[in-house]
Amino acid sequence: MILAAFLLASAPAASPAAPPPAPPMAVIDEQSVRREEPTPHGRIGLSTAFRISDAAPQPRTMEFRKRILHVGSAIGLHPIAHDEVYYVLSGTGDVTSDGKTQSLTPGMAAYLYDGAVVGIRQTGQEPLALIISYPVKHHTGEKAK
């Protein structure tokens, strides 16, 4: 009996199930997802949208988009239910979060927090090009709002 207990104690533990393999990477050309449309959250002017992550197969857990706000355009104020990042590629803009506004120039990022009311507007003489990224809801395949 002692020998059996010793053998059981020294036997290798059952290894946990291996996680499922990751999906293959997705490589997306922004031109394949380019479209001209009014800006989101208020339709304040026109924009060029590149819904890059929309072309990535499920399951995915984040949104990654490029948007060019044409001169005079804005993404209107809206509440967010997740953290969100606006990263400026070119042009200038004013970002607002919970009533506080800051100017952004190329190379700057605004990290916006869950629960804030946010928006961004193009300023200056050239369009505002930015990357917008945020998580999507888990397990449902639905986008976070």
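Including glycine, each Cβ sits where the backbone N, Cα and C put it.
Marked as signal peptide by TrEMBL: 1-17. According to TrEMBL, the domain 'Cupin type-2' annotation covers 70-132.
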Requested in this report: Kindly state the mean pLDDT of the domain 'Cupin type-2' (70-132) in the predicted structure.
Outcome: 98
Report summary line: Summed over the domain 'Cupin type-2' (70-132), the DSSP helix, strand and coil counts are 0 helix, 40 strand, 23 coil
